[in-house]
Amino acid sequence: MRVRRGLLRLPRRSLLAALFFFSLSSSLLYFVYVAPGIVNTYLFMMQAQGILIRDNMRTIGAQVYEQVVRSAYAKRNSSVNDSDYPLDLNHSETFLQTTTFLPEDFTYFANHTCPERLPSMKGPIDINMSEIGMDTIHELFSKDPAIKLGGHWKPSDCVPRWKVAILIPFRNRHEHLPVLLRHLIPMLQRQRLQFAFYVVEQVGTQPFNRAMLFNVGFQEAMKDLDWDCLVFHDVDHIPENDRNYYGCGQMPRHFATKLDKYMYLLPYNEFFGGVSGLTVEQFRKINGFPNAFWGWGGEDDDLWNRVQNAGYSVSRPEGDTGKYKSIPYHHRGEVQFLGRYALLRKSKERQGLDGLNNLNYFANITYDALYKNITVNLTPELAQVTEY
């Protein structure tokens, strides 16, 4: 009798264990789906931690090797004239890096092109992440008559090297936008760039489509001015260094290379998210962003593929110039796009079919003192893709 009861208990325990693990895995998958930003942040942090450990091990190995070589030379040179065996393992450190930024007494000429490395660009910026109302931001910048309606500004003491449209995808981040503008407007003014802000806001019930918003913003921005440089800027990314020049170049630019929530390390080499820049010519050549990425994730990886497929490489700022702080919880509430990997495998085939050339939309345009607001209700029917 006891043996029978034991046999009956075993399946029950196994069933309970199976139900427990099923419930746990289902809860985990649901969390990954509804809170992808948090999950991916932790995954990127773990990946960055692995990179940091690997780099530290390389550094330790190099230091040990250097110490062994020094000891060997020291023993050898104890009986030989030191001048016969010069030891200079740190010869590269003897050369001081000379600054390429112009001196404080640099003279501007109104008919000359603004330089890229100006004395007003000091480097690290004091970051203030505290919340601030848009009314306060309006009051702060209303003292500058050079800022025109919609946030248009250009220098008066030199000819701007680049005319830059700053495109910001937006949904329910009203507390983040004034924090970004508080830092970005003064930085761009110090860089002597002509610029304007375009906040592209998605309404409706569809999942957030960051890439399609960028395409809409591009089309609307080009109606205002013959911009030659485009900066695609997440609203929660605050630059920490004003020497991170927001002009464009011969190759597409990835500005946000070191984000605080990723331990200031690049999560992976193909990472192209946060803040990026392309010339208008480059953006048109790659057919813009893809429109098919509904939900969080994948569109910046597809942009990387498009850039590579078009024969470009990606440039990045050196050292700590590309450091950014991230306003927390930007992606909370945005669902994970589970179909992104299937689309990424077909990036090359889709590039000529999905982007600027299949984009349709209806925009409601309003003007703020500091930006142009472009409101759109996006649906998949507005950017249908033919078979490929």
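Every residue gets a Cβ built from N, Cα and C, even glycine.
Positions annotated as UDP-alpha-D-galactose binding site by Swiss-Prot: P169, F170, R171, N172, R173, F208, N209, R210, V235, D236, Y264, W296, Y329, H330.
The Cβ neighbour count for D236 (Mn(2+) binding site), using a 10 Å radius over every protein chain in view, is 22. Here Swiss-Prot flags D236 as Mn(2+) binding site, drawing on similarity to another entry.
According to Swiss-Prot, the N-acetyl-D-glucosamine binding site annotation covers G298, E299, D300, D301, R340, on the basis of similarity to another entry. Within the same chain, residues at least six positions away from R340 (N-acetyl-D-glucosamine binding site) with a Cβ under 8 Å of its Cβ are F293, G295, G297, G298, E299, D301, D302.
The disulfide bond annotation in Swiss-Prot covers C114-C158 (among others) and rests on similarity to another entry. Cβ environment of C114 (disulfide bond): Y108, P155, C158, V159, P160, R161, R192, L193 lie under 8 Å away, each six or more residues apart in the same chain.
For C229-C248 (among others), the entry in Swiss-Prot reads disulfide bond. Taken residue by residue with DSSP, C229 (disulfide bond) is part of a strand. Residues within less than 8 Å, Cβ to Cβ, of C229 (disulfide bond) and separated from it by at least 6 positions along the same chain comprise W162, K163, V164, A165, Y246, G247, C248, G277, L278, T279, V280.
Summarising the annotation, Swiss-Prot assigns N-linked glycosylation site to N77 (among others) and lists sequence analysis as the type of evidence.
Taken from Swiss-Prot, the feature N-linked glycosylation site applies to N81 (among others), supported by sequence analysis.
Taken from Swiss-Prot, the feature N-linked glycosylation site covers N90 (among others), and the record attributes it to sequence analysis.
Annotation comment: Swiss-Prot describes N111 (among others) as N-linked glycosylation site. If you draw a 10 Å sphere around the CB of N111 (N-linked glycosylation site), it holds 6 other CB atoms from the protein chains shown.
DSSP gives N128 (N-linked glycosylation site) a coil state; it is part of no helix or strand. Sequence annotations record features per position, and here Swiss-Prot assigns N-linked glycosylation site to N128 (among others).
According to Swiss-Prot, the N-linked glycosylation site annotation covers N364 (among others). Applying an 8 A CB threshold to same-chain residues 6+ apart, the list for N364 (N-linked glycosylation site) reads I374, T375, V376.
Residues near N373 (N-linked glycosylation site) in space but far in sequence (CB under 8 A, at least 6 apart, same chain), listed by position: V199, E201, I365, T366, Y367. The feature N-linked glycosylation site is assigned by Swiss-Prot to N373 (among others).
Look at Swiss-Prot and you will find 1-14 tagged as topological domain 'Cytoplasmic', backed by a curator's inference. For the topological domain 'Cytoplasmic' (1-14), the model's pLDDT averages out at 57.
Here Swiss-Prot flags 36-388 as topological domain 'Lumenal', drawing on a curator's inference.
Among the features that Swiss-Prot reports, transmembrane segment is placed at 15-35, with the record citing sequence analysis.
Cβ neighbour count for Y264 (UDP-alpha-D-galactose binding site): 17 (other Cβ atoms within 10 Å of its Cβ, all protein chains included). The shortest Cα-Cα distance from N209 (UDP-alpha-D-galactose binding site) to any of the recorded positions (N111, N128, D236, D300) is found for D300. The binding residues for N-acetyl-D-glucosamine are recorded as G298, E299, D300, D301, R340; their greatest pairwise CA distance is 11 Å. Excluding the listed site residues G298, E299, D300, D301, R340, the same chain places A211, P290, F293, G297, D302, L303, F337, L343, L344 with Cβ atoms within 8 Å of the centre of the N-acetyl-D-glucosamine site Cβ atoms. With respect to Cβ neighbours within 10 Å, the recorded positions C158, V235, C248 differ, and C158 shows the lowest count.
For D300 (N-acetyl-D-glucosamine binding site), the same-chain residues that are 6 or more apart in sequence and have a Cβ closer than 8 Å to its Cβ are F271, F272, G273, G274, S276. Cβ crowding, taken as the number of other Cβ atoms within 10 Å, peaks at N209 among the recorded positions N128, N209.
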